[in-house]
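Asker: Okay, so Swiss-Prot annotates it like this:
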{"type": "CARBOHYD", "residues": "Asn31", "note": "N-linked glycosylation site"}
{"type": "CARBOHYD", "residues": "Asn39", "note": "N-linked glycosylation site"}
{"type": "CARBOHYD", "residues": "Asn180", "note": "N-linked glycosylation site"}
{"type": "CARBOHYD", "residues": "Asn206", "note": "N-linked glycosylation site"}
{"type": "TRANSMEM", "residues": "72-92", "note": "transmembrane segment"}
{"type": "TRANSMEM", "residues": "110-130", "note": "transmembrane segment"}
{"type": "TRANSMEM", "residues": "155-175", "note": "transmembrane segment"}
{"type": "TRANSMEM", "residues": "182-202", "note": "transmembrane segment"}
{"type": "TRANSMEM", "residues": "287-307", "note": "transmembrane segment"}
{"type": "TRANSMEM", "residues": "319-339", "note": "transmembrane segment"}
{"type": "TRANSMEM", "residues": "420-440", "note": "transmembrane segment"}
{"type": "TRANSMEM", "residues": "446-466", "note": "transmembrane segment"}
Amino acid sequence: MPGGRRGPSRQQLSRSALPSLQTLVGGTCGNGTGLRNRNGSAIGLSAPPITALITPEPVRHCRIPELPVDGGLLFEFLFFIYLLVALFIQYINIYKSVWWYPYNHPASCTSLNFHLIDYHLAAFITVMLARRLVWALISEASQVGTSSVVHYTTLIIGRLVLLTLCGWIFCWTLVNLFRNHSLLNLLFLGYPFGVYVPLCCFHQDNRSQPLPTDCGYLVPDSLVDEGANGAGSLVRPKDFLSLLRESLREQLNSAPSVPSHSCPLSPDLIRNEVECLKSDFNRRIKEVLFNSLFSAYYVAFLPLCFVKSTQYYDMRWSCEHLIMVWINAFVMLSTQLLPPKYCDLLHRSASHLGKWQKLEHGAYSNAPQHIWSENTVWPQGVLVRHSRSLYKAVGPYNVAVPSEVSHARFYFLFHRPLRLLNLLLVIEGSLVLYQLYSLLRAEKWNHTLSIALILFCNYYVLFKLLRDRIVLGRAYSYPFSSYGLKPH
């Protein structure tokens, strides 16, 4: 073979021409690894970066207008009126009479069989439905500043009178129900509380990770101290009374104020903010689900449990009314607890978080691959390896953990700002269309009356959703250059 000095091979030339990780992502990799070859072995690059070839695209946020939202007391009053209307409709469906017949029977003199209605049960249901309104009244009155001793004394007396009246009616109805009904029927009175305690009170989030101190607006200070002092250790299980007190405090407290978004630059701060918002969103969804099911249970299901065996009613129509009440209560509570400003906050946080797409083994074998680092902001299209898997950056700004399913779920739900609003609009619009169709085909007087009354309530909710969708759709479609915004 001819001698002489050999030149660099094609593989060596290709390796030396590739930029380092600092050049690609505009930062340093915490583990000191560089690119990978086809066999998957790491290649250390000692050459300094030439120029910044790929930089993360800056995150820009749209400015949305301030949309009117019902106050806490006004919403609770409207929600209580809606539940009373739905309860009245269910009693019509159960105890309707043939009032157009000749007056040969006392029951035919009126449109309802009033002698079959249990008024103690109706009073008990009304008290249970009014619990949120009563607490909203007390909370609003407590927030008003007391300028004099007389005003403060009047406030205390008014609260005591209101709570005493509700407690007396509640106990009076319970005593009469215990006298007139069997134990099996009485078990249905507290069934929602029996389900809520094991499902919600005993549910403990995984707090092995330290909670960030900059999210104090979302979690109590005690939990922040526990997360800061007990990093790496699990929280001790709490007793039943402590869990019950915390759960009741969450139910009785008014809805928390919408937190603010600070556009953090550190990947750790972004992930901590996402964890706080995720916990807050789960708590709000839990409150929406419980209160909507609670309302539908006491409005439409509990009256069916106390119907006498000799009483005939349309089971299919009553169950249909139950489903309609639950869906509309769910949408009403969602629009109040998940306002547009809060959804925009979740969208901004998801834009900073980003997402990773898992690739199959052997894909992109010729492309540069890096070891994922938690201190690096990854641009779109970069390939990283994490937990023996290959991932591709999807978002323009990526700090999420590739193997964390909750991060991918958070980005999927909130990276489009109108996704939740569109979902609620589709649900409410479908419900209204179905009710209009049922109204056209209704032949019985109680069906026509019940659908007409419910439609008046649903029109208000649908109007608010359509208004928010039109305004926010134009706001998010407006070009960024027109705002004069600076990228974060």
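Placed from the backbone N, Cα and C atoms, the Cβ positions cover glycine too.
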Asker: Any chance the transmembrane segment (287-307) and the transmembrane segment (155-175) have 3 or more Cβ pairs under 8 A, given the pairs are 6 or more apart in sequence?
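Answerer: Touching, no - the transmembrane segment (287-307) and the transmembrane segment (155-175) miss the threshold of 3 or more Cβ pairs under 8 Å.
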Asker: Tell me the Cβ neighbour count for Asn180 (N-linked glycosylation site), meaning other Cβ atoms within 10 Å of its Cβ, over all protein chains shown.
Answerer: 13
Asker: Residue list, the transmembrane segment (72-92) vs rest of chain: Cβ under 8 Å, 6 or more residues beyond ends.
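Answerer: Beyond its ends, the transmembrane segment (72-92) has Cβ neighbours at 111-112, 117, 122, 125-126, 129-130, 132-133, 136-137, 139-140, 254-255, 295, 299-300, 303, 318, 321, 325, 328-329, 332-333, 336, 446, 449-450, 453-454, 457, 460.
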Asker: For Asn180 (N-linked glycosylation site), which DSSP three-state class applies?
Answerer: helix
